[in-house]
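Per Swiss-Prot, the feature N-acetylalanine maps to Ala2; the stated evidence is experimental evidence. The active site, charge relay system annotation in Swiss-Prot covers Ser124, Asp179, His211.
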Amino acid sequence: MAAASGSVLQRCIVSPAGRHSASLIFLHGSGDSGQGLRMWIKQVLNQDLTFQHIKIIYPTAPPRSYTPMKGGISNVWFDRFKITNDCPEHLESIDVMCQVLTDLIDEEVKSGIKKNRILIGGFSMGGCMAIHLAYRNHQDVAGVFALSSFLNKASAVYQALQKSNGVLPELFQCHGTADELVLHSWAEETNSMLKSLGVTTKFHSFPNVYHELSKTELDILKLWILTKLPGEMEKQK
């Protein structure tokens, strides 16, 4: 199934309150949408996630068949053979979406935002997609975040990093210890592997948090985003 190009990806945008000098691409989990993720975050925080200078882009994955749903159609960034960390990646669909999302990054660059002022991340499958996008294709972005996400054991990301000798973006990772869909141990293993391959990482565990977003997690994420994409006042300090 052909995927849409980045220029026609449906998206929900939260504009900065002031002058736009940085962009954040936040990718939803499987079966969700950009608007759905924005509203979920708003529900958890009791307000929109907003910044003075950062535009937030919540794109929606185009519908495609999804093997874990027995081939049913869902808004997913790529296909999986199954939801586990010990099977091969569906690299063909991942690579198609890397190109689609590269088009979205290119749009921001053409609008005047430098690559080192663009941050990429996501929840669950969205976090996995962000890791592939950044560490295999865009190692010059400001940073990467992955919430309740994991990579498969023989991920193409690990292979790409073995060949890399440049400066890599920092990874901010969060995971609930009570997550029964994406196990906390899978995320820990992902973090350890990336760290061993030269990625600077921050890993936050949240007791009694399932496969979900938490307010504490989002509050910490917001602070980290501001360290990676400071506004004019912060940069001058």
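Glycine residues also receive a Cβ, built from the backbone N, Cα and C atoms like all the rest.
Overlay of Swiss-Prot annotations on the structure.
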{"residue": "Ser124", "record": "active site, charge relay system", "DSSP (3 states)": "coil"}
{"residue": "Asp179", "record": "active site, charge relay system", "DSSP (3 states)": "coil"}
{"residue": "His211", "record": "active site, charge relay system", "DSSP (3 states)": "coil"}
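Under a cutoff of 8 A between CB atoms, and with a sequence separation of 6+ in the same chain, the neighbours of Ser124 (active site, charge relay system) are Gly29, Ser30, Leu147, Ser148, Ser149, Leu181, Val182, His211.
Comparing the active-site residues Asp179, His211 on other C-beta atoms within 10 angstroms of each C-beta gives the minimum for His211.
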